[in-house]
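J.: Before anything else, here's the structure in question.
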């Protein structure tokens with residue numbers, strides 16, 4: 001066997017570039033000496049290149065089509081490829097220790113302390129900073145370790161810990177290096193810690209710290225376990241796919257929105273009014289249980305509704321009310337003004353909700369519309385999706401189902417692109433879609449006219465104050481029409497036979513959205529345009545709040561009935577009578593629109609019932625568990641799986657623009673234009689609710705208190721329309737800049753992918769050149785006769801074409 005030789009590169013190091021990595025120009029001498037290195041490497045044992053040799057095929061194996069055109073590389077080329085840095089990373093601890101020894105030398109040579117972020121945890125040996133050893137017997141590993149330990153002892157504690165932490169070694173090696181590099185003082189401190197030589201105060205301090213840390217971990221684990229979606233979301237995503245999972249994720253988002261809305265209402269309105277309850281105007285009715293359906297009765301005399309809140313300042317002692325029903329402020333103090341608190345709390349709550357909603361929508365847009373290459377995505381899903389930290393059998397089963405469902409969705413999407421529809425089929429599809437839309441719009445118009453007619457009939461009847469069962473008539477009619485129209489739309493979608501299940505869901509969402517928004521528009525006109533005029537001398541705000549409460553309760557009951565009869569009964573009929581193994585599918589469009597409809601009712605009624613977000617939270621929690629149980633027991637996974645990559649963005653967009661924007665317009669009209677009731681509520685003595693802020697500013701100007709800047713702030717920020725336009729422009733600018741940032745990130749991703757592709761082509765070119773050089777040397781050697789045939793080129797798989805990277809395509 002030939003003796004292994006060592007090549008020492010004598011490249012002088014100047015003082016000007018100490019601590020810096022060599023540039024490509026400075027390493028030209030190193031690259032020029034590669035020819036000598038290749039000649040010496042050719043003398044090594046041939047077994048080092050065995051790992052790149054193709055394995056022999058077994059008896060029953062078949063030749064893969066991709067291996068027929070594989071290049072026949074020589075043994076020398078295989079040995080060179082086997083010694084490449086990318087194939088030797090992590091093999092030689094001596095090389096790693098030698099590399100970090102040179103790094104510590106550079107750290108000590110620097111005049112100033114370096115930035116820790118500049119240290120790259122690479123395992124490739126440097127060709128410039130130490131001798132290139134090809135034989136491990138030249139420098140022993142122990143000698144390298146001792147040199148590294150000496151250099152580590154000369155570093156500061158922070159630099160030493162950071163250097164050892166980033167070494168690509170095992171934990172035992174790192175622990176050994178850290179212990180050997182300790183100073184004598186550090187060793188004594190470590191021995192004292194292990195022997196327990198601590199004072200009583202130190203022991204008490206450490207015990208308290210450990211107890212607090214354990215308590216915090218226990219509280220966090222308890223909060224994590226108390227979440228209803230802790231395990232259910234993974235189970236749903238694994239069994240039913242991302243399309244059904246998007247519904248439950250949207251429900252979780254609505255829970256967060258209502259919780260954020262409820263907190264300021266409880267802190268500044270409900271809690272304060274409950275601490276200072278007003279005197280009852282008459283006898284308070286007893287609780288009968290019917291209030292849970294109608295929202296009237298005993299609930300009318302609680303903090304549930306607008307009429308219970310007082311129109312005076314809340315304090316333990318208050319002077320007689322002056323003009324506008326307000327108490328005069330005492331010297332040097334500003335009492336709690338309930339009308340002002342009611343108005344500003346509602347405004348701040350809606351403004352905060354708007355900001356969070358717009359941010360969530362933009363963030364979801366950036367997450368879902370990122371650049372994703374479909375080339376090799378199936379292989380990545382198969383080989384790179386498993387989480388090896390999962391050890392429990394139940395969790396591993398869920399992860400297995402999730403990967404299987406994800407593969408089905410990817411294959412279904414790929415198969416859909418490979419099967420375009422013919423021209424005749426497209427014309428037929430357009431005609432069927434046109435007829436379907438005409439029927440949907442006609443049914444929507446019919447439902448709207450029916451709701452308007454029935455609401456006029458209800459106006460002609462005497463108002464019952466929301467205490468009888470007859471008050472549930474209008475919510476029942478609206479819920480029946482919504483449910484019947486949704487089933488009609490679903491039947492039309494079945495007849496239309498869409499090629500894409502995503503398009504089918506989007507069509508159903510648009511049709512249900514048009515229906516529900518039209519019905520809600522008629523109801524808003526009924527409440528503010530008709531009911532206010534007929535309820536003169538009564539508290540119309542309480543009536544509107546009770547109506548919205550009844551709509552939420554009846555809608556919740558119909559959702560339960562739909563889960564019971566629409567899913568459970570249909571499953572029993574399909575399995576018992578029809579003898580089919582198929583179960584009904586989960587209707588994503590109708591269930592999502594039910595959530596948006598319920599959230600719109602909450603936003604419409606929060607001004608007249610401050611505790612309506614709490615009712616919505618309870619409603620969503622019940623819906624989560626009921627829908628999950630019904631889904632697991634009565635539904636099956638979609639027969640045509642599809643990847644819901646943009647569904648969260650679509651849901652948040654629909655929640656923002658038609659739902660939240662419409663509710664904001666409704667409430668702004670109620671605050672600025674409609675006269676409040678003169679018998680109840682915090683604005684009973686005012687012409688509009690907005691005048692509460694004007695009256696408060698006027699009182700501050702007359703009082704001449706130290707808060708004289710508040711009237712100026714109210715004038716320029718509230719009454720001046722320029723600030724409103726400026727805030728709207730800033731919000732639109734933030735949305736625009738966020739969209740541009742997302743587009744820029746997608747373009748950068750495209751450029752990086754193109755750069756990676758070019759680097760791969762460069763490496764293929766160099767390998768081909770290296771193979772050609774060895775073939776020429778083999779032919780030129782004496783004593784060998786070989787046909788002068790050109791070696792085959794190392795190439796990529798010819799079946800895959802370069803996929804164009806288009807950053808504008810979602």
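Cβ from N, Cα, C; glycine included.
Reproduced below are the annotations present in Swiss-Prot:
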COMPBIAS  793-810  compositional bias 'Basic and acidic residues'
CARBOHYD  102  N-linked glycosylation site
CARBOHYD  311  N-linked glycosylation site
MOD_RES   88  phosphothreonine
MOD_RES   93  omega-N-methylarginine
MOD_RES   104  phosphothreonine
MOD_RES   136  phosphoserine
REGION    1-26  region 'Disordered'
REGION    775-810  region 'Disordered'
TOPO_DOM  1-205  topological domain 'Lumenal'
TOPO_DOM  227-253  topological domain 'Cytoplasmic'
TOPO_DOM  275-338  topological domain 'Lumenal'
TOPO_DOM  360-429  topological domain 'Cytoplasmic'
TOPO_DOM  451-468  topological domain 'Lumenal'
TOPO_DOM  490-504  topological domain 'Cytoplasmic'
TOPO_DOM  526-552  topological domain 'Lumenal'
TOPO_DOM  574-603  topological domain 'Cytoplasmic'
TOPO_DOM  625-649  topological domain 'Lumenal'
TOPO_DOM  671-721  topological domain 'Cytoplasmic'
TOPO_DOM  743-810  topological domain 'Lumenal'
TRANSMEM  206-226  transmembrane segment
TRANSMEM  254-274  transmembrane segment
TRANSMEM  339-359  transmembrane segment
TRANSMEM  430-450  transmembrane segment
TRANSMEM  469-489  transmembrane segment
TRANSMEM  505-525  transmembrane segment
TRANSMEM  553-573  transmembrane segment
TRANSMEM  604-624  transmembrane segment
TRANSMEM  650-670  transmembrane segment
TRANSMEM  722-742  transmembrane segment
J.: Among all the protein chains here, how many other CB atoms are within 10 A of the CB of residue 311 (N-linked glycosylation site)?
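T.: By my count, 22.
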J.: Determine which recorded stretch among 206-226, 430-450, 505-525, 553-573, 604-624 has the most C-beta pairs below 8 angstroms with the transmembrane segment (339-359).
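T.: Stretch with maximum Cβ contacts: 604-624.
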J.: Cβ pairs under 8 Å only, please: of the recorded stretches 206-226, 254-274, 430-450, 505-525, 650-670, which one is richest in them relative to the transmembrane segment (604-624)?
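T.: Selected stretch: 254-274, with the most Cβ pairs under 8 Å.
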J.: Under a criterion of three or more Cβ pairs within a distance under 8 Å and sequence separation of at least 6, are the transmembrane segment (430-450) and the transmembrane segment (505-525) in contact?
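T.: Yes, the stretches contact each other.
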J.: Within the topological domain 'Cytoplasmic' (574-603), count helix residues (DSSP H, G, I), strand residues (E, B) and coil residues, in that order.
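T.: Taking each residue of the topological domain 'Cytoplasmic' (574-603) in turn, the totals are 20 helix, 1 strand, 9 coil.
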J.: On the 0 to 100 scale, where does the mean pLDDT of the topological domain 'Lumenal' (451-468) fall?
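T.: Mean model confidence (pLDDT) across the topological domain 'Lumenal' (451-468) is 77.
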J.: Counting only residues 6+ away from its ends, which parts of the chain sit with a Cβ under 8 Å from the topological domain 'Cytoplasmic' (227-253)?
T.: 360, 395, 398-402, 404-406, 408-409, 501, 505, 586, 588, 591-592, 595, 620-621, 623-625, 627-628, 631-632, 635, 637-638, 641-645, 647-648, 651-652
J.: Excluding the flanking five residues on each side, which residues at least 6 beyond the ends of the topological domain 'Lumenal' (526-552) place their CB within less than 8 Å of a CB in that stretch?
T.: 293-296, 299-300, 304-307, 452, 455-456, 459, 463, 465-466, 471-472, 474-475, 478, 598, 601-602, 604-605, 607-609, 612, 615-616, 619, 666, 669-670, 674-681
J.: Give residue numbers and ranges for long-range contacts of the topological domain 'Cytoplasmic' (574-603): same chain, 6 or more residues beyond its ends, CB-CB under 8 A.
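T.: Here the qualifying positions are 240, 243-244, 246-247, 250-251, 254, 257-258, 350, 482, 486, 489-490, 505, 508-509, 512-513, 516, 520, 548, 551-552, 555-556, 559, 566-567, 612-613, 615-616, 619-620, 623, 627, 631, 634-639, 647, 651, 654-655, 659-660, 662-664, 667.
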J.: Would you kindly list the residues that approach the topological domain 'Lumenal' (625-649) from elsewhere in its chain, counting only those six or more residues past its ends and only Cβ-Cβ distances under 8 Å?
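T.: Residues packing against the topological domain 'Lumenal' (625-649) from afar: 228, 232, 235-236, 239-251, 253, 361, 364-365, 367-369, 405, 408-410, 412-413, 500-502, 505, 560, 563, 567-568, 570-571, 582-586, 588, 591, 810.
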J.: Same chain only, please: residues at least 6 beyond the ends of the topological domain 'Cytoplasmic' (490-504) with a C-beta under 8 Å from a C-beta of the stretch. Say none if there are none.
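T.: Beyond its ends, the topological domain 'Cytoplasmic' (490-504) has Cβ neighbours at 243, 416, 419, 421, 429, 432-433, 436, 439-440, 587, 590, 638, 640-642, 644.
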J.: How do the residues of the topological domain 'Cytoplasmic' (360-429) split into helix, strand and coil according to DSSP?
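T.: Across the topological domain 'Cytoplasmic' (360-429), DSSP assigns the residues as follows: 49 helix, 0 strand, 21 coil.
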